[in-house]
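The following features are taken from TrEMBL:
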TRANSMEM  6-26  transmembrane segment
TRANSMEM  80-99  transmembrane segment
TRANSMEM  106-125  transmembrane segment
TRANSMEM  145-162  transmembrane segment
TRANSMEM  174-198  transmembrane segment
TRANSMEM  210-231  transmembrane segment
TRANSMEM  238-262  transmembrane segment
TRANSMEM  274-291  transmembrane segment
C-alpha cells in the first residue's frame, strides 16, 4: 500500500523533533565541557567550537532541521508545526536524566501550557497560500505591510543586541531567545523560497538563475548562523528544560504572525478561529510566566536579592554560577 504524502510528512516531523530535542542536550553538555577549558559562550567565548560533543549536537540539530524542512514539502504546516512541541518533551526528559536539571511540578505545568497553547494557535492559524515560484515569494515579501514588519523585527533585534544584551543577557532569557525567534520567523520566508526553488528545479524548471533565489539563500545562511550563536548563549546561561519550550513558543508565535502578514490570510478567519487563537496566546503567555516563576522560586539572600545555583558539580567554587540579582533591577 502506497504511503500518503501526509504520512511521510508526519514521520519526518516526528523524527525532526527527536533529533532537535536531543541536540539541545548534546550541545549543552558540550558547552559545559568547553566552559571548563575556556571562556563560557554566555560571555562571548567560542571554545565550544573545539568540543566534539557540541559538534555532535550541531550535526544532530542539522539533521533534525533538514527532516523538518522536507516534512513541509510533503505535509501542510498545520500538521508539521505542532509536532515541534515534541522536541520540548524530549529535551526536558533528557535534561532531567543526563544534565541533572530537575524540572519542578510547576515547571512541568508551564511546559504543558506552552505546548497546548501553541498547538491551539497553530491548529486555528489561517491557511497560507503556497507560492508557485520564487518570483511570487519575492512579490509577497516586498509588500509594504511585510516590509514594515521586517523593519520592526530587525529594529527590535538591534535594540536587544546593542542595549539589552550587555545589561540583561545573563539574567533575562527573553533577550537571547527574542533575537533567535525574531530572526527565525524571518528565516522561514527564505527557507520557504529555497524549498520552492529546489522543488521546481528538480521538476525541470530552474530557479537558481534568478537573483532572488540567491538573495533568500544568503539571508537564510546569515540569519541561521546568528540564531545559533545566540541559542548557544541561551543554552550556556539558562536551564535547557526552560530554553526549549520558551524558544519553541516564541518562534512558533512569531512565525504565524509573519506568515499571516505576508500572505494576508487573516481576512478568511471566522470568529471561532480568532477566539481560539486568542485563547491559545493567553495559554502560551501563562505557561511562559509559570516557567519564569519556577526559576525564581529560590531562597532569597538577606540583602533582598535573588540567588540560585545551577548545581553543576563539575565546576569549581570560582565557576559555581552563583548569581545574585537585585530585585528592582531584574523586575524593572
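Backbone N, Cα and C define each Cβ position, glycine as well.
Stretch with the most C-beta contacts under 8 angstroms to the transmembrane segment (174-198), considering only 80-99, 106-125, 145-162, 210-231, 274-291: 210-231.
Contact count against the transmembrane segment (80-99) (Cβ pairs under 8 Å) is highest for 6-26, out of 6-26, 106-125, 145-162, 274-291.
274-291 is the stretch from 6-26, 145-162, 210-231, 274-291 with the greatest number of Cβ pairs below 8 Å to the transmembrane segment (106-125).
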